[in-house]
């Protein structure tokens, strides 16, 4: 090669570059094969009735316990935002030698009905298709199905997630939004997960169902900081609403389970009322009010308040994006036979 003429040397170099590129492409293809992409048809041959099985179990659970839907949506969100959608939040402290995510302070209020819904669906799948469907996929399907049951949008769910081999409470802090965060801070957090401000506001629409414990917004209704006025509440709250909250939450310190519907207008319907409540001072959490105050997020809240179709379309797309955050596929994870334990 050293003695080859300049033209021949250039040709040889070009051939070497082509061979290197081909080798790189082959390696990338092999890696892609080892870690397949998510697909709605992932279980077509291995568990063809997976969606029907999950749907039947989840619908029965929702009929028996109507709070299941909102709790499962929250569970899905908390799972995906900490190390990806890998079912790590489902691991019970009782079945782990370490302290799993579920034991983190912010996760202690995750409702038992949501965990039970996933466990029941997983048990049914283990009976029909042993060791095939991951807990992470069960949770994603359950969240989707429950939105539809409440009247929200229906959308396809890509499948093929694997479950995590670990769950550590120390991973939680800083990865989940707090109820007193500013919209700007929330937008930064969501952006770090690959979720846009528009998708963030759409996902916030899940607050159209479910409830929050008084302790999560007590700072807004009791002894609010200077400038709040004689009522002692956050001036962004509708005064009549604030007084009603003060009365309803009066004993929250002695009974921390006291809670209020996130959407007091249509609390059991998945609709756009959450957004309509914001300019009326009926947003329960400080983070809800923040979305209306911050121009980059307010523009989307205004749009959804006046257009249910736009909200449903964007919520469906945002849920699909959320369900793809940090997923593990192929050999990156496992299929746990029990969702509450690390196999």
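Even glycines carry a Cβ here, placed using N, Cα and C.
What TrEMBL records for this protein:
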ACT_SITE  78  active site, proton acceptor
BINDING   79, 82, 84, 86, 88, 101  Ca(2+) 1 binding site
BINDING   177  substrate binding site
BINDING   207  heme b binding site
BINDING   208, 263, 266, 271  Ca(2+) 2 binding site
DISULFID  47-129  disulfide bond
DISULFID  80-85  disulfide bond
DISULFID  135-339  disulfide bond
DISULFID  214-249  disulfide bond
DOMAIN    37-343  domain 'Plant heme peroxidase family profile'
SIGNAL    1-28  signal peptide
SITE      74  site 'Transition state stabilizer'
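Taking the features listed in TrEMBL, we show where each one sits on the structure.
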| residue | record | Cβ neighbours (10 Å) |
| --- | --- | --- |
| 79 | Ca(2+) 1 binding site | 32 |
| 80 | disulfide bond | 28 |
| 82 | Ca(2+) 1 binding site | 28 |
| 86 | Ca(2+) 1 binding site | 29 |
| 101 | Ca(2+) 1 binding site | 28 |
| 129 | disulfide bond | 16 |
| 135 | disulfide bond | 30 |
| 208 | Ca(2+) 2 binding site | 29 |
| 266 | Ca(2+) 2 binding site | 17 |
| 271 | Ca(2+) 2 binding site | 20 |
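When the alpha carbons of residue 84 (Ca(2+) 1 binding site) and residue 263 (Ca(2+) 2 binding site) are compared, the span between them is 28 angstrom. Counting neighbouring Cβ atoms within 10 Å of each of the disulfide-bonded residues (85, 214), the lowest count belongs to 214. Note: the Ca(2+) 1 site is recorded as 79, 82, 84, 86, 88, 101; in the same chain, 78, 80, 81, 83, 85, 87, 89, 164, 167, 171, 326 also have Cβ atoms within 8 Å of that site's Cβ centroid. Ranking the recorded positions 74, 207 by other CB atoms within 10 A of the CB puts 74 at the bottom.
Here residue 271 (Ca(2+) 2 binding site) is compared against the recorded positions 82, 101, 177, 249, and the shortest C-alpha distance is to 177. Considering only the recorded positions 88, 129, 208, 266, residue 80 (disulfide bond) has 88 as its nearest partner by CA-CA distance. Taking Cβ-Cβ distances under 8 Å and a sequence separation of 6 or more, the neighbours of residue 47 (disulfide bond) in its chain are 125, 128, 129, 132, 133.
Considering only the recorded positions 135, 208, 214, 339, the residues lying within 10 A of residue 88 (Ca(2+) 1 binding site) on a C-alpha to C-alpha basis are 135, 339.
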